[in-house]
Amino acid sequence: MLSIFKNLLGTSEEDGTTQEANSKDTKGLKEERKRKKRKNKYKIPPGHTQQDWDALVASGKNLSGVESPISVTAEELAKHCSPDDCWMAIRGKVYNVTAYLPYHPVGPKKILKHSGVDATKPYLKHHDWVNEEELLKTSFVGYLV
């Protein structure tokens with residue numbers, strides 16, 4: 001009979017803890033994880049918001065590093081995978097994303113991870129709603145061949 005009341009009250013016979021206490025512990029762990037996640041978030045440098053990037057693109061400044069579109073082989077693309085020279089292909093188009101690195105909302109590491117290669121699959125997995133042609137129109141290098 002006592003075990004029935006303990007079950008109704010949410011008390012564990014094994015350790016005497018209540019479900020309420022366990023719930024608080026779980027809540028505390030979740031809050032701690034959230035704090036750590038916020039603490040580790042990338043902080044966008046001043047002057048590098050999405051609006052700042054949009055203004056740079058609207059200025060018409062050529063950020064591609066080439067005067068006119070070129071044909072880019074996979075071998076050539078692979079040479080451009082550093083923070084100082086970062087290209088990636090998305091949907092058959094190659095972009096010089098070097099200038100965009102400090103503007104990316106989660107930081108340059110995510111872009112650099114996929115630089116120098118055809119990044120279409122990972123790009124679409126995380127950015128299927130983003131119009132990369134508009135976002136990177138002044139960074140267009142050419143076509144992947």
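Backbone N, Cα and C atoms are what each Cβ position is placed from, and that goes for glycine too.
Source: prediction; values computed, not measured.
The annotation region 'Disordered' is assigned in Swiss-Prot to 1-49.
Look at Swiss-Prot and you will find 33-42 tagged as compositional bias 'Basic residues'.
Residues annotated as phosphoserine in Swiss-Prot: S68. Of all Cβ atoms in the shown protein chains, 7 besides its own fall within 10 Å of the Cβ of S68 (phosphoserine).
For 69-145, the entry in Swiss-Prot reads domain 'Cytochrome b5 heme-binding'.
Sequence-distant contacts (6 or more apart, same chain, Cβ under 8 Å) of H104 (heme binding site) comprise K110, I111. Residues or ranges marked as heme binding site by Swiss-Prot: H104, H127.
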Count the residues of the domain 'Cytochrome b5 heme-binding' (69-145) that DSSP assigns to helix (H, G, I), to strand (E, B) and to coil, and report the three numbers in that order.
29 helix, 21 strand, 27 coil
Whole-number Å value for how far S68 (phosphoserine) lies from H127 (heme binding site) (Cα to Cα):
27
